[in-house]
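To start, the structure itself, in structure tokens.
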Amino acid sequence: MDTKIIGALEATPATNGNLGSPPKLTPTCCIQSSAVPFNSGEATLGRHLARRLVQIGVSDVFSVPGDFNLTLLDHLIAEPGLNLVGCCNELNAGYAADGYARSRGVGACVVTFTVGGLSVLNAIAGAYSENLPLICIVGGPNSNDYGTNRILHHTIGLPDFSQELRCFQSVTCYQAVVNNLEDAHELIDTAISTALKESKPVYISIGCNLAAIPHPTFSREPVPFSLAPKLSNKMGLEAAVEAAAEFLNKAVKPVMVGGPKLRVSHACDAFVELADASGYALAVTPAGKGLVPEYHPHFIGTYWGAVSTAFCAEIVESADAYIFAGPIFNDYSSVGYSLLLKKEKALIVHPDRVVIGNGPTFGCILMKDFLQALAKRVKKNTTAYENYHRIFVPEGHPLKCAPREPLRVNVLFEHIQKMLSSDTAVIAETGDSWFNCQKLKLPQGCGYEFQMQYGSIGWSVGATLGYAQAATDKRVIACIGDGSFQVTAQDVSTMLRCGQNSIIFLINNGGYTIEVEIHDGPYNVIKNWNYTGLVDAIHNGEGKCWTTKVVCEEDLIEAIETATGAKKDCFCFIEVMAHKDDTSKELLEWGSRVSAANSRPPNPQ
């Protein structure tokens, strides 16, 4: 059986230009020095953990220091292959590790016990919902304090130290509490390998007195460990492909739609292979944007029910068969449960099973294997795409602005569209940026990330930090609303300290616009800040930073020319003044439908 070596690994980008292919962890040379003992002073738990992180492709760890993790941080800093990125708070450190994992394939953060652990918890929950492998490391209590009935600081005042662990059990796929050296090696390796296999976060707590102590189990260079690949049930795969091919080949106008779980299934290329072989019209769900190449000749846009790309919903919902690969149908992605889909027409491909209409389900089948095998069995059928091409009418351009007219958001995104290339990546914050960024046409190689399932406002600031730290070959363009920015603004400081050259478009419309369109109230109005002034104060003359405020299209054009020209090596912060009611038409429709879903009365008892 072939095995996947997780030993001297490096992240390599997909070579086929597929937007959605997550970076592949590709074996390079295996470490040959594993038989050579360390200097006894280096044979420590901290050294082992640092080497393991480097081996799986992590070169940047996001951290906030606290007295329980300081010695461990010393050992991480001492590892030549690791760069410690200090963040302003634990929540942002977790969001940064999330963004890093989206680009690099795995991320890591280090915080302190309970006060740090519970602060980072929300970010870890988001990574769990988005199927991201993330190593969350917590500096824990001194090993001698377990079972002593002592009360420690940074706790809730009880001698039971398990509160943090219990909180993490719901949002991580494995938890390791290292409070002795005998099984530390096994616990750490198991945690890391589980994160990679399950593509979920894991929790590792390390006693504050253990990181620097030499132990025989760490006396040699960490031997690369291997992960046995997941395999499809061969007979089940053959049966599923046969049934699926029969289901699709008798359809008149089948279509295919890619979802967010293409990433965790490593099936982006296989999905495109099926699209090429079948000729079907090709769409994505909103959370699948960026995982399928939008330059594909049969790409028809985002399927999002009533707020879909123009003419996309009509083609998908009128099809007599549709393949959904890796979808998540929640209240947001279904626009308040209003999708006009019929179960008997749907072939749903999950990461490890296939469901065909109202009929059979086939388990123990990997999505990648199924899509590749199905591509060899389907008949070419371009009817749905031909129908789309027949009815499609290009969207009009925004109305031309009068001289010095207050800037409209649709004009802003028309100019952002022109900035995109294979050298850029887009980060879209929760809010109206979801809908405006969905309409951007991504060129080949352009990255795209947003947090659809969890939808935690403020995620994008930390994610921009982490993604830019990992994807040094791309310039990140982040679109962030003022309400979201107020949650996590501090780590602009870390972007400057790291010398990043991202561009943030801060859309200042005076409140939580997405909440306004779901249910308005005075709580959706926020205190206005001088955002450029704030960033200038954070800059404080240290590092490369350029800020500006734009109120009209002329200002915007000049700002973009400067940010991409004279200030291309700087972190650029462009505050865009917008009217509080200037929203996309999609948000207006989506908000009313989600509001209706949220306000359904209780069923009669």
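Each Cβ is built from the backbone N, Cα and C atoms, and glycine gets one as well.
Worth saying up front: this structure is predicted, and the values here are computed from it rather than measured.
Residues annotated as Mg(2+) binding site in TrEMBL: ASP482, ASN509, GLY511. Around GLY511 (Mg(2+) binding site), taking its Cβ as the centre, 20 other Cβ atoms fall within 10 Å, counting all chains.
With helix defined as DSSP H, G or I and strand as E or B, the domain 'Thiamine pyrophosphate enzyme N-terminal TPP-binding' (44-149) counts 51 helix, 22 strand, 33 coil. TrEMBL lists 44-149 with the feature domain 'Thiamine pyrophosphate enzyme N-terminal TPP-binding'.
Per-residue pLDDT, averaged across the domain 'Thiamine pyrophosphate enzyme central' (241-360), gives 96. What TrEMBL records for 241-360 is domain 'Thiamine pyrophosphate enzyme central'.
If you look up TrEMBL, you'll see 451-576 marked as domain 'Thiamine pyrophosphate enzyme TPP-binding'.
Same-chain neighbours of the Mg(2+) site beyond ASP482, ASN509, GLY511, judged by a C-beta within 8 angstroms of the site's C-beta center, are, in sequence order, GLY481, GLY483, ILE507, ASN508, GLY510, TYR512, THR513, ILE526, ALA578, LYS580.
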